[in-house]
Structures are given as C-alpha cells and as structure tokens.
Amino acid sequence: MTTALTMVKTGGKYANEKFFGVRHVQCILCFFCLAMSYAWRVNLSVAVVAMTEHPAVNNTDRLAENDTDFSGEDDDDFGFDLFNSERYYTFSEGQRSAMLSSFFWGYVVTQVPGGYIAQRYGAKILLMWGLGIAAIITMLSPLSLKLGGWLALCAMRFVMGLSQGAVHPATHALLSKWSPAEERGILGTICYSGAQFGTVIMLATSGFIADSFLGWPSIFYLGGACGFLWMIFWYLFSASTPEEHRLISPGELKFITESRSDGKMQSAEKLAPTPWVAIFSSLPFLSLLVVHCTHMFGFWLLLTQIPSYMKSIYHVDIKSSALLSSLPYLVMLLLSFFFVWLSKVLQRKEGLSLSFNRKLFNSIGHWIPMCSLIALGYVPQEDAPLAVALLTLTVGISAATYLGFQVNHIDLSPNYAGTLMGLTNGAANVMSAIAPLIVGLIVQDKESVGDWRLVFFLAAAFYFVGNLLFVIFGRTEVQWWDSPRDNKEDAEQGTPLSPNGQHK
C-alpha cells in the first residue's frame with residue numbers, strides 16, 4: 001500500500017511520477033462511504049414496495065382465504081409468509097410518507113455539529129462511528145418493524161439520519177486536508193460520485209434480492225454487512241490528515257502540504273473559534289449557500305416528483321422499472337468522470353483560472369438542466385421516450401457541479417470547510433423537504449400539463465438565479481477569516497493585505 005512518489009519541483013509545481021497515491025486511497029474509501037450512505041438512504045423506498053405485497057398472492061386475498069385477522073396497532077396490518085417466515089405489511093399513505101421522510105428529520109440536525117466535530121477531532125473517527133451506527137440500524141430495521149410497527153421504524157430511520165448527518169461535512173473536512181488545490185475538483189468528484197453509485201446499485205439490485213429466496217429483509221441485512229466490511233478497510237487505511245497516515249511517502253506528504261491551499265492550515269489545537277459573523281457577512285459564502293439550496297431544490301424535486309409526472313402525463317411507471325429508475329443516476333455517475341477528464345484538459349490551457357473552471361462547470365450543471373426542464377414541459381404526451389431522455393439529461397448533467405460549487409467550501413476556507421458544508425447542506429436539505437410541498441400547492445390536477453409546466457418553470461428559475469449569483473459573487477481565493485489569528489498577528493507586524501484579505 002505504500003506509495004513511492006518522486007516529486008520533481010519545476011516552475012514552482014511538483015510533477016508526480018506516479019498518478020496513484022495515498023490521497024486517492026482516501027477518496028476511494030470515501031467513495032464507498034458515500035455509496036453505502038445513499039444506498040441505505042434509498043433502500044426503504046424499494047423495500048417498502050416488496051414488504052407490502054406478497055410475491056405470489058395478494059395480502060387481502062390471503063387474509064380472506066385464511067379468515068385470519070393479523071391486525072396490529074396503528075392500522076399496521078400484516079400477514080405472515082409461511083415460506084420465508086417474513087411478515088408482509090399494509091401501510092396508509094401517511095405512514096409510508098412518514099417512514100420515507102423520517103431519515104431527513106435527523107439528517108438535518110447533525111450537519112453543523114458534524115462539521116465542527118470533524119474539524120476539531122478529525123474526520124476518520126466521526127465517519128467510522130457514523131457509518132457503524134447506520135450499519136447496525138440498517139440490519140435491525142426488519143426487526144424493529146416486526147416488533148414495533150411503522151413508528152419503531154420511523155424512530156430507527158431518524159437515528160440513522162442523525163448518524164449520517166456528518167457524512168458530507170466530515171468528507172469535506174477530510175478533503176480540505178488531503179487535496180492539493182489543483183486536484184480538489186477531481187478528488188471531490190471521486191468522493192461524491194459514490195452517492196450515484198450507491199443509488200444505482202440499490203435501485204438495480206433490491207428488486208431481485210426481494211424476489212429471491214432471501215426475501216426483502218436481506219436488502220437490509222446485506223447492506224449493513226457491507227458497512228461493517230467497509231469499516232475494516234477504513235480503520236486500516238484512512239487518516240484524518242496526511243501527517244497522521246503511517247503509509248504515506250515523504251514525497252507525497254510534501255506535495256500535499258505545500259500545495260493543498262493558498263491559506264494556512266491550522267491544527268485543531270491552534271484553530272480559532274469559528275468566525276460566525278465573518279462567515280455570514282461574506283458574499284462568496286452567501287452565494288455558495290444560495291446556489292447549494294437552489295441546486296438541491298431542483299434535484300430533489302426531480303427525484304421525488306418526476307415519477308408522478310411521468311406516470312400521470314406519459315403513463316410511464318418509472319418506479320416499476322429498475323432500469324428506468326437507475327438510468328438518470330447511472331448517467332450522472334458516468335458524466336461525473338467525463339467532466340473530470342474535461343477539467344484536466346482545461347487545466348492545461350494557459351490563462352484559465354480556477355475561478356473560471358469552477359464557474360464554467362457550475363453553469364453547465366445548472367443552466368443546461370434549466371433549459372431541459374423547460375423543454376420537458378412542452379414534450380408531446382405521445383412522445384414518452386423524448387421525455388425520458390430529457391429527464392435523464394437533466395439529472396445526469398448536474399454531475400458537473402461536483403467541479404463547481406460542491407468543492408467551493410474548501411476553496412474559501414480549508415480550515416472551516418466542514419462547518420461551511422454543514423451550514424449549506426443543512427439549509428439545502430430544508431429546501432429539499434420544501435420542494436414536494438410547493439409541488440403539492442401548484443399541481444392541483446396531476447394530469448394537468450399546465451400545472452406541471454409551472455413547477456418546471458419554478459425549478460428552472462431557481463437554477464438560473466442560484467448559478468447567476470455564484471458566477472457574480474463566487475470566489476476561489478481563501479478568505480481572510482480562514483486564519484483570523486494569523487491575519488491579526490500579521491497585521492500587528494505590519495504585513496500588508498490584498499483587497500480580498502490575502503497576504504501579499
């Protein structure tokens with residue numbers, strides 16, 4: 001595992017003789033961390049279908065034939081499968097919605113605390129414990145449903161949300177320590193594309209697992225087991241910082257520490273208290289906050305409402321097809337690595353700054369989906385394949401944002417990147433919860449093309465405004481408040497500052 005990297009200093013930069021390093025191992029481990037996090041997040045949406053319908057016989061018919069009442073509390077009725085010894089349930093629409101949303105109630109709560117803990121005590125332990133708790137809860141989900149009904153499962157999913165709330169902030173905190181500035185977008189893409197990989201794998205395989213002799217509980221058991229396997233590799237081969245990793249070569253360590261940021265990385269002991277006032281009065285951060293919120297509004301609107309739109313307008317049941325369900329996220333996964341390649345090509349061009357790179361890819365990831373969303377509202381009802389293609393493009397092309405706003409937290413403040421991600425991701429997930437409510441207010445008739453068109457116009461407007469503010473006010477320079485103590489000391493010693501707060 002030890003990586004021998006020889007660094008040759010040329011023109012102020014280091015050239016790697018080998019592409020692969022310990023920093024890439026950290027990102028691959030984070031890739032699978034995000035993959036499992038998102039797989040566990042969406043597994044219930046698939047399992048709830050399998051657990052409510054017996055594979056051979058309808059529940060209602062079976063209960064009538066046996067003249068047996070299996071009624072449970074809170075209208076949670078269930079039958080019993082004599083073949084696989086698993087219970088099959090019926091839920092009201094309200095109970096189903098509560099189970100599916102309970103994860104996010106806990107998820108929002110731990111965003112900011114998770115970022116703070118990661119930057120103070122390290123991302124390694126936080127991610128290991130967070131994923132470990134989520135793995136245990138995943139494996140206990142069928143038992144909790146059996147013993148306590150849908151309310152018990154809601155409670156379990158809420159705790160899982162609490163345990164996973166720190167995943168994004170902790171990943172950002174880890175990236176800020178491990179990623180050289182010029183590799184930040186690439187390494188961030190490796191990490192966060194795991195979310196699409198996990199979603200695709202879960203949507204594509206869960207139906208087959210549920211229909212196999214293993215039965216629907218195995219969706220949870222197999223997923224949880226993968227989490228424990230990941231924990232072994234994470235414990236052995238990860239570290240919160242390059243300085244703490246026992247296998248990193250001196251050359252790679254020097255390459256990372258000398259080029260990971262334009263600011264001053266602080267140890268946890270020397271890190272100043274979080275400069276809240278400076279953060280919330282910073283235009284670059286506020287534009288980042290807005291674009292993250294508008295992005296998640298559009299993304300989750302597509303995730304939660306497009307299946308209903310496709311079924312009502314085009315009579316295409318996306319949820320019943322594993323291929324159609326996973327196709328947009330598969331395209332997003334593939335395009336994320338295409339954009340990584342394109343970014344590397346652009347980096348070789350003279351005169352193209354990091355700021356231009358960030359804003360270019362963010363514009364691709366927001367303004368192309370903006371156009372395709374508007375076009376989706378005008379696709380004829382008899383042309384379902386075109387609608388599916390536009391939907392796939394809208395979701396897939398958003399992968400470009402991995403090289404845009406999604407790593408900008410680290411650009412602005414390597415020291416407080418975890419906290420910044422906690423702030424923006426927490427606010428963005430509130431917007432994610434609001435999106436379905438707004439759709440419910442606008443769409444009074446699900447078969448009305450005009451109502452859905454208004455929804456798409458609204459989402460397109462969010463995409464336009466969010467990215468416009470990021471293009472105007474977004475920055476890639478490390479902000480002065482990233483190292484307030486050092487800036488104060490330098491000011492006292494007479495070191496001049498540039499207009500953006502950086503030391504000359």
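For all residues, glycine too, the Cβ spot is worked out from N, Cα and C.
Marked as transmembrane segment by TrEMBL: 20-40, 98-118, 125-144, 187-210, 216-237, 276-302, 322-342, 363-380, 386-405, 417-442, 454-473. The domain 'Major facilitator superfamily (MFS) profile' annotation in TrEMBL covers 47-478. As annotated by TrEMBL, region 'Disordered' applies to 485-504. Here TrEMBL flags 495-504 as compositional bias 'Polar residues'.
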Practice problem: Test the contact criterion for the transmembrane segment (216-237) and the transmembrane segment (125-144): 3 or more CB pairs under 8 Å, pairs 6 or more apart in sequence, then answer yes or no. | Solution: yes
Practice problem: Check the transmembrane segment (386-405) against each of 20-40, 125-144, 187-210, 454-473 and return whichever range has the most CB pairs under 8 Å. | Solution: 187-210
Quiz prompt | Region pair the transmembrane segment (363-380) / the transmembrane segment (276-302), three or more CB pairs under 8 Å | solution = yes
Quiz item: Going through 98-118, 187-210, 276-302, 322-342, 454-473 one by one, which has the most CB pairs that fall under 8 Å from the transmembrane segment (20-40)?
Solution: 187-210
Quiz item: Roughly where does the domain 'Major facilitator superfamily (MFS) profile' (47-478) sit in mean pLDDT, to the nearest integer?
Solution: 85
